[in-house]
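Following: one structure in structure tokens, then a few remarks.
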Amino acid sequence: MISLLRTIRLTFLHMFRKRETIPYPEEKVSLHPRWRGRIVLTRDPDMGERCVGCYLCAAACPVDCISLQATEDENGRRYPEFFRINFSRCIFCGYCEEACPTYAIQLIPDFEMGEYNRQDLVYEKEDLLINSQGKYPGYNYYKVAGIDAGIKGKGEGDNEEPPIDIHSLLP
Amino acid sequence: MAIIYIDHKAYEVTPGKNVLETCLTLGFNLPYFCWHPAMGSVGACRQCAVKLFKDEEDTKGRIVMSCMEMVKEGMFLSVEDPAAKAFRAQVIEWLMTNHPHDCAVCDEGGACHLQDMTVMTGHTYRRFQYQKRSYKNQYLGPFIHHEMNRCIQCYRCVRFYKDYAGGKDLDVFAAHNHVYFGRAEDGILENEFSGNLAEVCPTGVFTDKTLKAHYTRKWDMTMAPSICQHCSLGCNIIAGERYGELRQITSRFNAEVNGYFICDRGRFGYEFVNSKNRIQQPLIRTKVPDTNDKQNLYQHLKKILSTHKVMGIASPRASLEANFALRQLVGSTNFYHGISETEARLMRSILQTLGSGQVQSPSLKEIEAADAILILGEDLHNSAPMMALAVRQAIRKAPFEAAQQIGIPSWHDAALLGFTQDKKGTLFIAYPTKTKLDELAANTMHRAPDDIARIGYAIANMLNPLSPSPEDIGQDDLKLAKRIAGIIKQAERPLIICGTSLCHEALIKAATNIAVALGTKEKKAGLSFVVPECNSMGLAMMEAPSLMQAAEALKKGEADTLIVLENDLYRGTQKKDIDDLFSYCKELIVLDHLHNETTGKASVLIPVATFAEAEGTMVNNEGRAQRFFQVFDPKNENFRESWRWLDEFKQFKNGVNPEDLAAPGNLITTLVALMPQFKGAETAAPDAGFRINGQKIPREPHRYSGRTAMLANINVSEPKPSEDQNSALSFTMEGYRGMPPAPLTPFFWAPGWNSGQSVNKYQEEVGGALQGGNPGKKLFPEIPVAGKTFLNDIPPAFTPLPGEWLMLPLSHIFGSEELSIYTPGIAERAPRPYLAISKNDAKRLKVLDEEILQLQLQDQIYQLPVLIKEELPDGLAGIPHHIPELTAIAWPANGILTKPK
Ligand code: SF4
Ligand code: SF4
Ligand code: SF4
Ligand code: SF4
Ligand code: FES
């Protein structure tokens, strides 16, 4: 009997509490920056495409919904020729972001992706690539890699010595 | 067998091997870099450390390099010892101090031995805080990409390129931690086996440039066991596809055939499959407008086939199945070989020798074990590249036997190099011009083909007086013949190599006589023939008349419609003869995959699948039947197997309606039932019904990506994956994940071993046969023969005809083969047309190098730049064989050289 009354009282009190639900979509949801929603491809600080077409995200994806083809520009810089995510399959697990060695692929706090037509859930590179560095500013993979892809010459990276003179026997 | 103890457990092992290979055979995951099963140990990388104990009581032990330690009875070892483990981890950490942050853009990634070994030792975090060494790269030609920063100084590249393959233009430069592996200056890597660097190098320093152009990771490829189509040796390959395009060829280990390697023509010649020159759809040229409607085509074909008298022209580059389906369609009396009479005669001659049981047809592995070799009229580097590599090993390894007697094990490369110095096996080469193997030869004879045959006959005569001897042979030649006869008679495992390259039958007969004379009842002598195409031997075994007879039969009206299977007839015969042939037929039905002159003449043109889109069986030069499997289901539905089309044609001929067509059934078993000479070919690989635990073998690795996205742009609902009705392989990643039988192994992979080095896990003993036996089935049975029969067809000595030159077809690894030339890199490396003449002839004609001479050959006139070859005998003139600019020549040929006005 007492517990019954206690419950009624608690319920009654809740009527005066702050509301948890919001009148979406009039009011937008506030999401944390690391919320795993829509996937984007970001750019490096110099606004170059970050994705180097290494295929690691595609391999990590448990539902195999990423497909791409790597190609190279005239300087040898690798980038995806096409990059496709089939969001009708994606489970937003974030493994692709975990696997990405260049911070290119990122999950962002946006879930408003509903479509009437399932085919429209297939995103191509044009739909994925944004003009921003996303969550990880400041990183440019080609500046720390060993290859010369037109970003820095051999031995010009921060962590590199100048190229070796192979004609010299001096230590 | 010896008993050794590893981590207190006893194992029974083969004594005399090194500890590293023994541990790998036993299944231990022991990291290594510099050791390679084909090249032995040098102990350079210090990665393979284990602990060796004096005896059971010894607890301290000492760290040794397992690759340099011989297995001895009662050895006590530890792989898991903490000190040994720490040592191995430290070696990797040192190597990694300079390693670039490149995996994401490195073509080795996902199939990288360095990645595998790093994970294996447990090194994960870079503690070294200082700067990394850097290098400049070199341009190494169209096949190999260079990225020197990734080098870990294991020296495998130079050991392969220089010591194993005899290359001259790759070396190690500079000193200490600055060593550089590359060429003296930028430029094309000259060696014919340079592509193997991509597999031999455990890192991404040397990678496949053709793969880079459409880069795909190993795990993303659909792969199938296949057979190289670019020469008669039938090297085993793995072919990989992605997005409907063939992307990469790598070697597929077969201890009997190509071992760990393949040549550059085989590795890089695959791009014809993706060529723009592919025939895309069926055409009926007599109907206007051209029509590609399948119903129309079927109706049209049905009309032709049921009312016309049809004749079939078979192909030396099509599979047994395709040729057989053609034979079934036209009937054995209307079945002709699509090769010239010369080539047909050469092949008959070879087949007679190999089938006679008087000689033994050696595998490449057996060639590697020969201790004295005589080559008659072949430039192996250009006509059968991997055989040249095998000969090189034979000559290099011949002194190793003596080394073993003083206790140097066969895997101890460093010691063997020191021991042999410049000792080598004996090699004799007779060929009109210099060849790359000349540098290893004890004697070279740059002579005319007739004279080479005469020397051959003289050698045979000295080995056995029953063999006829050539008349009036010069004293010098006699002396030489005597010397060669003496040496090959003394040899333990002598070998004769000959072939069809010079289109000279007397050479084949002379080689036969030598081998027959050399053999004894107990031990037959090895005789290896190089033949023109990948399935020349299989076609020859299907005994049928040549093109010339086909023309005659057509003229007589025995047939009025011709079906040409995968064969550009204009390549190997004079243009007018083929024009003539075609003029007698009402309809010309051509099946091929690339447009060429013959397809241009077709009234009905049928596109067919290449080796990558079809399954088939071929017989290599040695008589080994080998099966290749379809790699992928092509996007273009018209790319169907030749045998499938031909079987349908047969049904049309028999009055079956297009709606009621049945599947072809198992062609190879029907073939064997009908032609017993092929007995065994059906066992070359397990058939379509084969299953393990009820499952098929997947063509895709378990990490294959993008299944639900790759076609989503077309339709978001994934289509059902295609099913393979013809083999026990599936086109998906589902299926049996254990070890498949060797002929059905689509790729090599083992847990922790992503690179090609995982083949260790597929071998019975590391470096030895694949588990369950190497793929392929040798068709020439061992028949005991008592007597010896010798051939007698000795040509007179060569005397130049006044005003005429005997033309020589000079083979080129890049350029002389029909399909590989569609790879841009191969076309780039192909020779420009030239005319090779002797110094004297050049003087007589008053021409210098590079000057233009006019060559009148059969009904064609060419203007060719002169290439003076000092060693070439007078009266001979060589031109590059079968390069696109110089086809339509009937061999043998005489030409007239004049100076253009
Ligand atoms: S979030 Fe997960 S399911 Fe979605 S693309 Fe990335 S890895 Fe694939
Ligand atoms: S060689 Fe191997 S470890 Fe080095 S960058 Fe390439 S894939 Fe990575
Ligand atoms: S280039 Fe490759 S094979 Fe050669 S030493 Fe370096 S890592 Fe070894
Ligand atoms: S040797 Fe012949 S069969 Fe072998 S890879 Fe080269 S071309 Fe192919
Ligand atoms: S593999 Fe033993 S030292 Fe390199």
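Glycine is no exception: its Cβ is also placed from the backbone N, Cα and C atoms.
Where the annotation comes from TrEMBL, it is an automatic prediction and has not been curated.
Record features (TrEMBL):
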{"type": "DOMAIN", "residues": "A:39-71", "note": "domain '4Fe-4S ferredoxin-type'"}
{"type": "BINDING", "residues": "A:Cys51, A:Cys54, A:Cys57, A:Cys100", "note": "[4Fe-4S] cluster 1 binding site"}
{"type": "BINDING", "residues": "A:Cys61, A:Cys90, A:Cys93, A:Cys96", "note": "[4Fe-4S] cluster 2 binding site"}
{"type": "DOMAIN", "residues": "A:81-110", "note": "domain '4Fe-4S ferredoxin-type'"}
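Annotated features taken from TrEMBL, shown on the structure.
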residue: A:Cys51; record: [4Fe-4S] cluster 1 binding site; Cβ within 10 Å: 27
residue: A:Cys54; record: [4Fe-4S] cluster 1 binding site; Cβ within 10 Å: 26
residue: A:Cys57; record: [4Fe-4S] cluster 1 binding site; Cβ within 10 Å: 24
residue: A:Cys61; record: [4Fe-4S] cluster 2 binding site; Cβ within 10 Å: 25
residue: A:Cys90; record: [4Fe-4S] cluster 2 binding site; Cβ within 10 Å: 23
residue: A:Cys93; record: [4Fe-4S] cluster 2 binding site; Cβ within 10 Å: 14
residue: A:Cys96; record: [4Fe-4S] cluster 2 binding site; Cβ within 10 Å: 24
residue: A:Cys100; record: [4Fe-4S] cluster 1 binding site; Cβ within 10 Å: 23
Tertiary contacts of the domain '4Fe-4S ferredoxin-type' (A:81-110) (same chain, 6+ residues out, Cβ under 8 Å): 31-42, 49-54, 56-71, 118, 121-125, 128-129, 133-136, 139, 141
May I ask you to pick out the binding-site residues among A:Cys51, A:Cys54, A:Cys61, A:Cys90, A:Cys93, A:Cys96 with a CB closer than 8 angstroms to chain B's CB atoms, ordered by sequence, or 'none' if no residue qualifies? A:Cys54, A:Cys61
What Cα-Cα separation, expressed in whole Å, is found between A:Cys96 ([4Fe-4S] cluster 2 binding site) and A:Cys54 ([4Fe-4S] cluster 1 binding site)? 12
Report the binding-site residues (A:Cys51, A:Cys90, A:Cys96, A:Cys100) that meet this criterion: Cβ distance to the nearest atom of ligand 1 under 6 Å. Use sequence order and write none if nothing qualifies. A:Cys90, A:Cys96
Can you tell me which of the binding-site residues A:Cys61, A:Cys90, A:Cys93 is spatially closest to A:Cys54 ([4Fe-4S] cluster 1 binding site)? Compare CA atoms only. A:Cys61
Find the average pLDDT over the domain '4Fe-4S ferredoxin-type' (A:81-110) in the predicted model and report it. 96
Rounded to a whole number of Å, the separation of the Cα atoms of A:Cys61 ([4Fe-4S] cluster 2 binding site) and A:Cys100 ([4Fe-4S] cluster 1 binding site) comes to 11
What's the CA to CA span in angstrom from A:Cys93 ([4Fe-4S] cluster 2 binding site) over to A:Cys51 ([4Fe-4S] cluster 1 binding site)? 19
